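The structure appears right after this line, and notes come after that.
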Amino acid sequence: MDFIAGAIGGGLSTAVGYPLDTVKVRIQTEGHYNGIWHCVQETYRTEKVWGFYKGVSASVLSVSAISSVSFGMYKNFLCNICKLRYGAADAKPSKLDVSLAGGAAGAARVVLMTPSEVAKVRMQTQRNAHPSVASPQPVSKPKYRGSLHCLKVIAKEEGFGGLYKGCSALLCRDCSSSAIYFLTYSALCDWLTPAGKNKPGFLVVLLSGGFAGVLAWGLATPMDVIKSRMQTDESDQHKYKGLVHCARESVRKEGAKVLFKGLGLNCIRAFPVNMVVFVTYEAVLRFTDHY
């Protein structure tokens, strides 16, 4: 049931946070924006509202699957850790147990997540102007017609390895951030739930989920920047040889602050998105327990 609850929560959260995710990716990978608002204005001016939702269909499906794996694997890892350490799967886990289970869940989802992340980033950074009545010039045909077409083109032009570009950065990002994510949520729920109550109330779940998301994304942003840059590096560019080279080149050209591009946006987006994830997850679990 944790897999189903996670899938529903992940799908709903994508619909909430996708436009800000597009802006975040563009700020991280392109140097001509003066800030968040400038990126929003330019995207809307050239591509209208659809510009913010490029690749959203595949993202909803992939995030649902990834969220399902993340929550399902986390719960399974935690149960197995508790069984090994305390002899019972339902024993109260320590903070270390929660962190280990969260980190392992983050690593497990990377295999499933990387191709969809590559397609999402390529779609989000693809430029194709919105047709205008005032402009007599024909609109150029985009390289990628959709997320599935994008994956097909990458596999054809860059081989199987192209679908897993940025995998090393994604692994570093998700192992650490997932450990912090589940640890923060668990700790805040324990702290905010009154003594004697078995489960946290929905307000506690909302706040704990939101803050867990903000903290996790605050930690994840530097690796998120590197991941996005590695994934936009197409076969005819070859700008980056790997994770360390990408980080070194980015810092050399733009300074250390480049690693924190999109930090504010990540944190702004993380709060409502992860509120939705956790409150949906808890609601589905409680509904099934009740019936």
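Counting begins at 1 with the first residue displayed.
Glycine is treated like the rest: Cβ placed from N, Cα and C.
The feature repeat 'Solcar' is assigned by TrEMBL to 1-80, 93-191, 200-287. Residues or ranges marked as transmembrane segment by TrEMBL: 201-220.
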Open item on the list: Using DSSP, what is the helix/strand/coil residue split across the repeat 'Solcar' (200-287)?
Closed with: 73 helix, 0 strand, 15 coil
Open item on the list: As a quick check of your reading of DSSP, tell me how many residues in the repeat 'Solcar' (1-80) are helical, how many are strand and how many are coil.
Closed with: 70 helix, 0 strand, 10 coil
Open item on the list: Just to confirm my parser: what is the rounded mean pLDDT across the repeat 'Solcar' (200-287)?
Closed with: 88
